[in-house]
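Record features (Swiss-Prot):
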| type | residues | note |
| --- | --- | --- |
| BINDING | ASP8, GLU57 | Mg(2+) binding site |
Amino acid sequence: MIYGIGTDIVAVARLRGMWERHGDRVLDKLLTPQEIADFSKAADKGRFLAKRFAAKEAFSKALGTGVRPPATLPAIAVTHDDLGKPILECYGQLAEVLKNKNLRAHLSISDEAEYAVAYVILEHA
């Protein structure tokens with residue numbers, strides 16, 4: 001049964017500009033430590049940030065809380081399975097909320113030229 005659905009679209013230039021203006025200190029506000037390591041290897045830094053930001057925003061909308069505790073940006077990670085499918089991993093208090101509500105997240109991310117978009121479905125597992 002579906003618990004919530006969320007979607008978000010982000011202009012790649014917006015996140016690229018944020019990183020160019022604020023440098024690496026913005027990474028701690030947006031990314032998990034593993035995502036920061038992945039960011040350092042990314043060919044297109046702005047696109048990397050935009051895709052993750054869109055995914056995290058879409059997740060917070062599906063959860064129904066928006067981005068606020070426990071659904072903070074550094075508590076949500078975008079990873080990939082062996083075939084490249086994007087996966088959401090949650091940490092800390094947010095992971096406990098998902099466990100207690102028996103929720104599982106499904107994520108789709110896409111990007112084209114100027115935009116990144118993400119769609120999240122939260123379902124009762």
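Using the three backbone atoms N, Cα and C, a Cβ is placed for every residue, glycine included.
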Once near-sequence residues are set aside, which residues in the chain of GLU57 (Mg(2+) binding site), 6 or more away, have Cβ atoms under 8 Å from its Cβ?
GLY6, ASP8, VAL10, VAL67, ALA118
Per DSSP (three-state), GLU57 (Mg(2+) binding site) is helix
